[in-house]
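Asker: Have a look at this one.
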Amino acid sequence: MRSDAMKKGVKRAPHRSLLKALGLTNDEIKRPIIGIAGSFNEIIPGHMHLRTIMEAVKAGVRLAGGVPMEFNTIGVCDGLAMNHDGMKASLPTREIIADSIEATGIGMPFDGIVFIPNCDKIVPGMLIGAARLNVPSIFVSGGAMLAGRVNNKKIGLSNVFEDVGKYENGKITDTELEEVENNACPTCGSCSGMYTANTMNCLTEALGMGMPGNGTIPAVYSERIRLAKEVGMQILNLVKEDIRPKDIMTRAAFLNAVAVDMALGGSTNTALHLTAIANYTGVEFSLDDFEVMSHKVPHLCLLSPAGPDFMEDLYHAGGVTAVMKELAENGVLNTTAMTVALKTQAELIENARIKNERVIRKFNAPVHKTGGLAILKGNLAKDGSVVKEGAVSKEMLVHSGPAKVYNSEEDAVDAILHKEIEKGDVIVIRYEGPKGGPGMREMLTPTSSIAGMGLDKDVALITDGRFSGATRGASIGHISPEAAEGGVIAAVENGDIIEIDIPNRKISLKVDDKIIKERLKKLPKFKVETEYSFLKRYSENVTSADKGAVFKK
Ligand SMILES: CC(C)(O)[C@@H](O)C(=O)O
Ligand SMILES: [Mg+2]
């Protein structure tokens with residue numbers, strides 16, 4: 001047993017003393033010790049109920065003869081951190097979460113670990129931590145928030161962000177805005193659309209690290225408590241069989257995750273997170289895999305913010321296993337991939353079926369023929385950029401227009417709300433990359449303001465920052481290399497023509513190469529501006545978005 005290091009033999013009498021101080025009996029000390037990595041806090045609506053999930057997991061561990069030991073990690077709410085300096089800390093917390101998991105798992109030789117994440121950075125942070133420790137592990141997330149309702153129409157957090165733009169444009173009253181504010185987030189759980197948290201929880205299932213239902217069972221359903229119990233019991237089987245994260249998170253598993261991402265129309269943040277997790281798992285995997293998969297797998301689900309459905313609709317339509325079955329039947333899923341259920345994906349999806357073909361479309365009748373995400377390259381993004389093609393209106397798939405350049409999110413939002421943006425413009429928001437921001441903020445306020453002001457069919461936005469899963473429109477992010485690294489985005493001037501061709505995967509600055517080089521040469525050397533030592537250290541150590549914004553080796 002791995003835990004023998006802290007409990008077996010004469011020399012460990014002091015250690016056993018401490019275990020007894022924790023209330024463990026001699027019998028318990030002999031059993032497998034299971035770390036329960038929780039992330040309960042009173043900050044994130046998606047995490048406020050995680051004590052209930054935690055208790056169910058612990059009950060499952062005990063039912064199966066193990067001894068649970070709870071510990072917790074940090075997390076921030078991206079929604080609450082949005083559009084201010086707080087968001088600069090969000091992506092960096094992923095590395096802290098991974099480090100805190102790794103450090104705890106090194107210090108405490110657990111025999112296995114159950115991970116309980118839910119929101120944006122906690123899921124990839126924990127997956128990275130699990131990969132680095134490579135101790136038998138299993139995930140159960142907190143589940144999705146139910147959708148809200150106004151005028152008998154389902155709404156989610158993205159509607160509130162967009163309604164701010166509508167309000168500023170005089171299209172709705174303050175009473176209408178307040179009604180949306182009061183009803184958009186009716187329960188605990190990760191915000192109700194196919195935003196980042198829910199995408200990552202669905203991909204945890206596709207990766208094989210979570211059990212069926214992990215991605216879609218609503219947070220408030222008792223089924224999630226039962227799932228948590230099953231997961232608590234299952235970790236003992238994983239310990240017994242000695243199946244570890246690196247046995248599961250193989251290249252085939254990552255390709256399955258990207259395939260599901262394409263079908264679901266997932267968050268652009270998966271381009272960062274899957275790449276980062278693969279990096280720490282030692283699997284060869286890059287943005288090129290997204291690009292290849294986007295041509296193999298069609299977009300099957302039109303969930304918020306791209307369409308009218310929410311996570312609860314995906315759940316009732318059959319969930320991730322039904323989507324995976326459709327992909328398997330069309331030859332784009334590796335069904336031999338092993339999972340934490342100790343069954344292959346083929347076995348897990350055997351009884352799955354699509355229960356609502358409007359919510360999960362058939363492979364031959366998709367929403368879009370190509371996958372939800374597209375990787376664009378060109379002189380503006382030599383190393384790549386990402387767009388949620390599934391949420392771009394068809395008028396904007398090919399667009400060419402003059403640049404309006406801003407060196408921060410705040411400046412861009414001021415310009416949008418002060419109606420300085422004209423139809424046809426390409427808004428450029430730069431120095432918001434991993435190094436430049438620092439911290440690669442999410443640009444949900446600018447993208448929602450554009451949508452809310454009714455400009456989403458006329459205006460594009462490009463940035464070296466990133467987006468929320470709730471972002472829609474021609475919003476192209478993760479431009480790599482970023483401005484702070486001397487990327488071509490730093491050379492753009494107001495009025496330059498930018499050409500975007502999403503179907504052909506191109507993004508270019510229509511300025512002569514020589515002029516671009518001259519402009520870049522004249523730029524002052526980038527110096528990070530932050531009062532926080534943590535963010536300064538982050539800026540110095542982080543790699544480019546196309547590499548997942550992991551730390552330099
Ligand atoms: C606040 C949101 C919706 O969670 C966003 O941060 C995302 O990435 O989806
Ligand atoms: Mg987010």
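In case you wondered, yes, glycine gets a Cβ from its N, Cα and C as well.
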Asker: Among ASP78, ASP85, ASP163, ASP411, indicate the single residue that TrEMBL lists for the Mg(2+) site containing ASP120, LYS121, GLU442.
Answerer: ASP78
Asker: Three-state secondary structure of GLU442 (Mg(2+) binding site) from DSSP?
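Answerer: In the DSSP reduction, GLU442 (Mg(2+) binding site) maps to strand.
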Asker: Which residues, same chain and not among ASP78, ASP120, LYS121, GLU442, have a CB within 8 angstroms of the centroid of the CB atoms at the recorded Mg(2+) site?
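Answerer: Not counting the recorded site residues, we get VAL76, ALA81, MET87, SER90, LEU91, CYS119, THR196, ALA197, ASN269, SER468.
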Asker: Take every residue in the domain 'Dihydroxy-acid/6-phosphogluconate dehydratase N-terminal' (31-347), average their pLDDT values, and give the whole-number result.
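Answerer: Result for the domain 'Dihydroxy-acid/6-phosphogluconate dehydratase N-terminal' (31-347): average pLDDT 98.
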Asker: When you measure from the Cβ of SER468 (active site, proton acceptor), how many other Cβ atoms are you left with inside 10 Å?
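Answerer: Cβ-Cβ neighbours of SER468 (active site, proton acceptor) within 10 Å number 29.
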Asker: Could you measure between ASP78 (Mg(2+) binding site) and SER468 (active site, proton acceptor) for me? Cα positions, answer in whole angstrom.
Answerer: 8
Asker: Taking only the recorded positions ASP78, ASP120, LYS121, GLU442, SER468, which have a CB closer than 6 angstroms to any atom that belongs to ligand 2?
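Answerer: From ASP78, ASP120, LYS121, GLU442, SER468, counting a Cβ under 6 Å from ligand 2 as near, the near ones are ASP78, ASP120, GLU442, SER468.
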Asker: Between SER468 (active site, proton acceptor) and LYS121 (Mg(2+) binding site), what C-alpha distance do you get in Å?
Answerer: 12
